[in-house]
Amino acid sequence: MENVHLALEEDDLYSGYNDYNPTFDSEELENDLGFQQAVRTSHGRRPPMTAKFPGTAIGARPIASSFGVSTDGAARPMTAVRAAGYTSSLTRGSTFDPLGQSKGPAPPLEAKNDDTPEEKIKILEKKVNDLIEESCMAQSVGALQLALEKAKEAGRKERMLVRQREQSGNADHINLDLTYSVLLNLANQYANNEMFPEALNSYQVIVKNKMFSNAGRMKVNMANIYFKQKNYPKAIKFYRMALDQISNAHKEMRIKIMQNIGVVFVRMGQYSDAITSFEHIMSESPNIKTGFNLILCYYAIGDRERMKKAFQKLISVPLGIDEEDKYIPSNDDTSANMVIEAIKNDKLHQMERDLKVLAEKYIMTAAKLIAPAIETSFATGFDWCVDMVKSSQYVELANDLEINKAITYLRQKDFNQAVETLKTFEKKDSRVKSAAATNLSFLYFLEKDYDQADRYSDLAMNADRYNPAALINKGNTVFSKQDYEKAAEFYKEALRNDSSCTEALYNLGLTYKKLNRLEEALDCFLKLHAILRNSAQVMFQLAHLYELLEDPQQAIEWLMQVISVTPTDPQALAKLGELHDGEGDKSQAFQYYYESFRYFPSNIDVIEWLGAYYIETQFCEKAIQYFERATLIQPTQVKWQLMVASCYRRSGNYQKALETYKDIHRKFPENVECLRFLVRLCTDMGLNEVQEYATKLKKVEKMKEIKEQSGREGSARGRREGREGSAGSADSSHSSNSTKGERLSAKMRSLPASNEPYEASSQKELDASYVDPLGPQMERPKTGAKKRMEDDDFADEELGDDLLPE
């Protein structure tokens, strides 16, 4: 303890560490006389060092040098002159060359000999590895044929490599791993190219070779090929062989093989065996897909209780993903917020989201499947599923299930129950309330209860202003009130919230068309066409817009695209015929009108055009069938029967014409035109009935004159009613019902006359104008699901396309 020195507070514990020998102070070399003298001497001698190291014995002893003592007798320190390149034998004028560069350049390295067998083997082995890698890369980018060619070339090179090793006597050094890689890659590429026999042969080579470890796993691949070939018994056999050769340590692999076995049993219809496999998996390592398959099997055999148990197992399967709250940033820790921002949308989080979406899809599908089967009624079964889901980790799915329940009611045409179910969501959270209100608005809109539709669309918007479906429904209700400007604003807002909302873009285009802003409507539909490339509805609207913009060629081009997508659409074919007719191309117009008639033989406009075309081309016999078809469609319109009789007259079949006129007179006894032709025909044919028909004609004409006289004294309406009996009279006012009717009537009136004596009144009887009992043509219902060319088809096309996805 006597030698222990305790440090006091005033002691400096670190003193002495900065002390150094002033000999090594380079900053004072200019003032060091000894150093300066040594520099000035020819041999660099200097006086001996005077500094001493304290506490050492060497400090008082002079240090000798290899050069001895300097001229002044003082000793100088030893220096490492040899290591620096100095020697005592150097003479004055010799060069300083410590690296020996004066001897010339170093000799070149020995050239590598590539001709040795070992070197050739190494080069070939590298080439095989490169070919395998190239094959795998080609397969990853979808170049399957190239991948197969590379795999075959790698196989050829590998066989050459084996032969070279055998010839060089190094057969023991054959690279079995390389051989295994070549064969496996070749088999995989055969399978990818669906060359199944070749793939099975390659896998068989691997499996039979006992030198390859774990080759038994290849039987899984072989079983997969048999499954693709629908050879299910053999697939089961190979799956089970693979299962026997895989140890229990590889639990995940065994579970996947058993899942495959269960799927094969399902394909074979052996649901009991499939249930055995799936139940084993659910007890060992439960997963969502197997749980869903198990429910399907129980549903197939109709086991209610086991369906319920399987559904409970399905919703209790752990997904092994973190809660979404983990990705919500906090306000305190900046660095933690940066980490959360970085991982918020990374690949792992995307995988978690995809897994959760898949699980929800399976649960929703399973609930909709088993709900009608597990209880006496669909509603009771669905309520049981909802209760089970509410008590599970998928509690947020309960509301979606109830909305799906309402949608199922809709499919069953039970609208009242659907409305009642959706109304229960009015007090739920905003997301569910908005979804339910959107569907309610849709239902009321379909029932044409626009006030209620407007109310629920407002409710949906208040619950979630960023819901594009709610905004579309609101725009639709405003559109139905013909407030097109306001409707356009709602559609634009829906597009701002969801730029991919095709319904909003379509409705906006129709709204612009109503406002006669054709260029803006055209822009909307062109954008929509870029999204929906094969939508016949969009292309039909584009064709109509170009027609309105007086560009018939562009309209024809777009209609041709419509025909390429829906070649049996009669409306598109008829419109093509109309456009070609307007362009003066009668042959093309006839072709499209004829095709339209073939697919839909009840379009009066098409029938009228075809009949007029045959009369114009002097084929009256062929026109008869079309006007007879029109007579069947509109039996109360006398004009079609008059046209049939006229065609018989024009073709020279007077007897058939007389019978037709008599039949018309029985149905329409007050028709003046029919009586006039009966009088003329009977007179020329010398029949006795001529006097009878002449008397009737005078009575009818006198009654007509009385009506016309009273009509002149009365209103214009009375005058129109007084002339209603004649289908082809020159003073008929019905020819103004549609522009198309006027064009056809004028065309049929201007048909060339023949030399027969009954052409005096042909203009009147060939007048094709008429009053359609269904109203104007644009209000007549069309067949098929295609879009119509009229502007007022908006409500039928897109209003109410807002049901939530199931």
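Positions of Cβ are set from backbone N, Cα and C atoms, glycine also.
Annotation source TrEMBL lists compositional bias 'Basic and acidic residues' at 704-724 (among others).
Sequence annotations record features per position, and here TrEMBL assigns compositional bias 'Low complexity' to 726-738.
The annotation compositional bias 'Basic and acidic residues' is assigned in TrEMBL to 779-790 (among others).
Residues or ranges marked as compositional bias 'Acidic residues' by TrEMBL: 791-806.
Taken from TrEMBL, the feature region 'Disordered' applies to 92-114 (among others).
Among the features that TrEMBL reports, region 'Disordered' is placed at 704-806 (among others).
Same-chain neighbours of the repeat 'TPR' (216-249): 184, 187-188, 191, 194, 196, 199-200, 203-204, 206-207, 257-258, 260-261, 264-265, 267-268, counting only residues six or more beyond its ends whose CB sits under 8 Å from a CB of the stretch. According to TrEMBL, the feature repeat 'TPR' maps to 216-249 (among others).
Here TrEMBL flags 255-288 (among others) as repeat 'TPR'. Broken down by DSSP into helix, strand and coil, the repeat 'TPR' (255-288) contains 29 helix, 0 strand, 5 coil.
Per TrEMBL, the feature repeat 'TPR' maps to 468-501 (among others). Helix, strand and coil counts from DSSP across the repeat 'TPR' (468-501) read 27 helix, 0 strand, 7 coil.
Under the heading repeat 'TPR', TrEMBL lists 502-535 (among others).
Annotation comment: TrEMBL describes 536-569 (among others) as repeat 'TPR'.
As annotated by TrEMBL, repeat 'TPR' applies to 570-603 (among others).
What TrEMBL lists as repeat 'TPR' is 604-637 (among others).
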Residues outside the repeat 'TPR' (255-288) whose C-beta sits under 8 Å from one of its C-beta atoms, at least 6 past its ends, are 220, 223-224, 227, 230, 232-233, 235-236, 239-240, 242-243, 246, 294, 296-298, 300-301, 313-314, 316-319, 355, 358-359, 362
Reported in the order helix, strand, coil, what are the DSSP residue counts of the repeat 'TPR' (604-637)?
-> 27 helix, 0 strand, 7 coil
Grab the pLDDT values for the repeat 'TPR' (255-288) and give me their mean, rounded.
-> 92
Reduced to three DSSP states, the repeat 'TPR' (216-249) has 27 helix, 0 strand, 7 coil
